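Residues annotated as compositional bias 'Low complexity' in TrEMBL: 366-405, 812-828. Sequence annotations record features per position, and here TrEMBL assigns domain 'DUF1899' to 412-477. Annotation comment: TrEMBL describes 351-412, 810-837 as region 'Disordered'. Residues annotated as repeat 'WD' in TrEMBL: 37-71, 115-147, 536-578, 579-620.
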Amino acid sequence: QIKSSSTLIAFNSDRPGMLGIMALEGQGEDKRRVAYLGCHSDLVTDLDFSPFDDFLLGTGSADRTVKLWRLPGPGQALPSVPGVVLGPEALPVEVLQFHPTTDGVFGFLEFRPRLEAHGDLVQSVVWSRDGALVGTACKDKQLRIFDPRAKPEASQSTKAHENSRDSRLAWTGMQEHLVSTGLNQMREQEVKLWDTRFFSSALASLTLDTSPGSLMPLLDPDSGLLVLAGKVTHLFPFCHPPSSSLPDCLPVLSLTVTQCVLESVLRGAALVPRRALAVMSCEVLRVLQLSDIAIIPISHHVPRKAVEFHEDLFPDTAGCVPASDPHTWWAGSNQQVGPCLIPPAPGSPSVWLGPDFMPRDPLADLGPSPQGGFSSSPSSLTSPSTPSSLGPSLSSSSGIGTSPSQRSLQSLLGPSSKFRHTQGSVLHRDSHITNLKGLSLTTPGESDGFCANQLHVAVPLLSSGGQVAVLELRKPGRLPDTALPTLQNGAAVTDLAWDPFDPHRLAVAGEDARIRLWRVPPGGLENMLTTPEAVLTGHTEKIYSLRFHPLAADILASSSYDLTIRIWDLQARTERLRLQGHQDQIFGLTWSPDGQQLATVCKDGRVRVYEPRSGPEPLQEGPGPEGGRGARIVWVCDGRCLLVSGFDSQSERQLLLYMADALAGGPSAVLGLDVAPSTLLPIYDPDTSLVLLTGKGDTRVFLYELLSEAPFFLECNSFTSPDPHKGFILLPKTECDVREVEFARCLRLRQTSLEPVAFRLPRVRKEFFQDDVFPDTAVSWEPVLSAEAWLGGTNGQPRLLSLQPPGMIPVSQAPREAPARRAPSSAQYLEEKSDQQKKEELLNAMVAKLGNREDPLPQDSFEGVDEDEWVSEWQGRPCQFLGSHIHSNADWALGPCGPGLFPAYL
């Protein structure tokens, strides 16, 4: 739940897949500043900092991936993409730990090579202090010892605890001894000490109390202190491990237990590295307690009179330089990390004392990187037994270079997306359409569920007769409680699409194998329409996909369960072309940007490309997604590539990128995302080359910039909503607020409302037109060709339009800003003055805020009466006090309190 390096703290937040990152030490408000890192699409199950790099963080997740993150220094922006992605694995990653002596080696639930013989869920994995052995605790109540370089089977095993609930392990300072925590048959928390030389039974056992939570053993090998932290208890006991003066065969646990009672429920705990302790104040141990609302540091000090460095309390600790590289360790080397002197103050450089280690190439060591990536030597994160297992994963998902030559970090990390800091936000409620009722949730998975253009939104309703509600985007607000005027389709709606060149014409496909064309009045739908403008017949099975031609007017393609794709001339209202060759259900189809080709993805596991005007058979085809649950396809990268979203054989959602002219060779890149039941709907923006990916019922929208060469996928910040959406579509580019650097605007369909979502890019100089974000866009609302011209073989290109608002200068032509001269801070200004001057300035400032004290009071200007008048008029009339006001029985006037005083609040 929480881990600490000598510089940073990482902890699990209350949002799945999100980690909180904060500085370990800080001044003032820095201690309370937390940045959040979106790591995974599912729960983060474990995390660990590298013992050799305070800024290298490894995370494992239930999404079956392991990621490495290069974190920046405190106060800098967190990375949006990981440096390395491993997986997906066969099972969720439960535990993860870096190797204690070797850089670039770490263990998690599935090892490389994998450690076999576990009969149930592995609950704990821990390296020995010398890095030679691995201890595991399993739900089958067995404690196992592995030598991963010798064989994948366990070298020793024994029964650890009687209860199968969460069990944990920790190695002591000696290689032969380890500590296990768990529960006995009476559900009492117990601690056992084991010797690997006499592994049949525990050397010693200590029973604590009855608690439902597990104990986390945190052992400091330098001081010999063992912290037993309960996750959900208020007790925080710790005890001393066996003394080094005792014989190795007779170590026992001390029965003296010191308890620290906590006020809040403990959710996690971590030890702070000894290099970060305040050694001059004799701080020998610091534990970070993670509760529901705070991180509480608990320091343990040894009282000493003299303020000096006490060598008996702080022996030399393990250094920050790895003892060997992965290949040397796999070959059998057990070289240990050299010791270093503990610095007298946190943050001071440690002095390494190891005499036998030769420094490596500086590029091989990991250092802070402002780009948010991570570079490593060629041997990092590899195994001799599986030298190529990580190759495709790294090249297709992260773009991490592994050349040891001295190149810049940019060349090592590969390109990064300029959209990586994209911010998606729901616009103000005034732009929402609310009080939607009776939405149809039974549209096929091949349909987007609803459709919209710059004027109208068409939403299928659940009522019988295939009714479609048409809403006006220009008229947001609450819909009336009465029934809305609808289009009476006559059959259940399977898909629907607006004509891009006629914003008032809607094509609706039904389960009766017919396509109906409806014309919506320019002012919106005011009455129920029962008669369509035209009905297209020809398919013999129900239709599930409609796609208008991107350039030619009155050309519509439809796919059906009769395994054909038919191309219609809407002006003549007839079928003109028919495409064949599919062996199973057609999951999706899409026109190429130039309108010359049409691509499909099919349940038979094939991706096909057609030239409809050349013949009914596919021009080429290649292997598609392995899973048969659903898929989508879209042309990307100016028509050079095809992006397919689908499922693999293990039902994981994935993206496949193909070269459009080489389908037979299979995908050029494959990217696994997460496990979810709904098919990802790819929404592609050709101007930015960004694809937005989400599914019906999802709460997250993934964003990736697509490239036609490695690394192919550049991850950007995703958009997350608190509740699932029923549909998500992209509006025309003209709907974007260019002045706010809004490059995409979408519509999100919820259960009872429609809300616009804006995707914006944070820029400093927003007063200039960001021409690098907004290239000339295609005029998609004007046809280039007529239906007859296209069917006759004519091709065309769309007209381009600049999005530059009048009066804005492109940022590429903006004058360079001169570096601003920083004024000295107020603290520095005050330091140059005497104490008397500071007091005078403070007093003058307070007087200025209160106003001039010599100004007359308001009541001084009021007109009074003579004293004789007062006595004759008011003599003998009492004054009453009501509440906090002073007034007489008569009207408000002068009271007996004296002349010139009106009633007032006391």
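Note that Cβ sites are derived from N, Cα and C of the backbone, with glycine treated the same way.
Outside the repeat 'WD' (115-147), and at least 6 residues removed from its termini, the chain residues within Cβ reach (under 8 Å) are 94-97, 99-102, 107-109, 153-164, 166-175, 178, 180, 182, 194, 196, 199, 221, 329, 334, 336. Across the range of the domain 'DUF1899' (412-477), the DSSP-based residue counts are 5 helix, 22 strand, 39 coil. Within the same chain, residues 3-8, 10, 12, 16-21, 78-80, 82-98, 100, 103, 106, 108-109, 318, 320-322, 337, 365-369, 372-374, 381, 652, 672-675, 700, 717-718 sit at least 6 positions outside the repeat 'WD' (37-71) and bring their C-beta atoms closer than 8 Å to a C-beta of that stretch. Beyond the repeat 'WD' (579-620), the same-chain residues lying 6 or more positions past its ends with a Cβ under 8 Å from any Cβ of the stretch are 446, 544-545, 547, 549-552, 557, 559-561, 563-567, 626, 628, 630-635, 638-639, 642, 644, 646, 658, 660-661, 663-664, 679, 686, 785, 790-791, 793, 795-797. The average per-residue pLDDT of the prediction over the repeat 'WD' (37-71) is 87, rounded to a whole number. Each residue in the repeat 'WD' (37-71) gets a DSSP state, and the totals come to 0 helix, 23 strand, 12 coil.
Counting residue by residue with DSSP, the repeat 'WD' (115-147) contains 0 helix, 16 strand, 17 coil.
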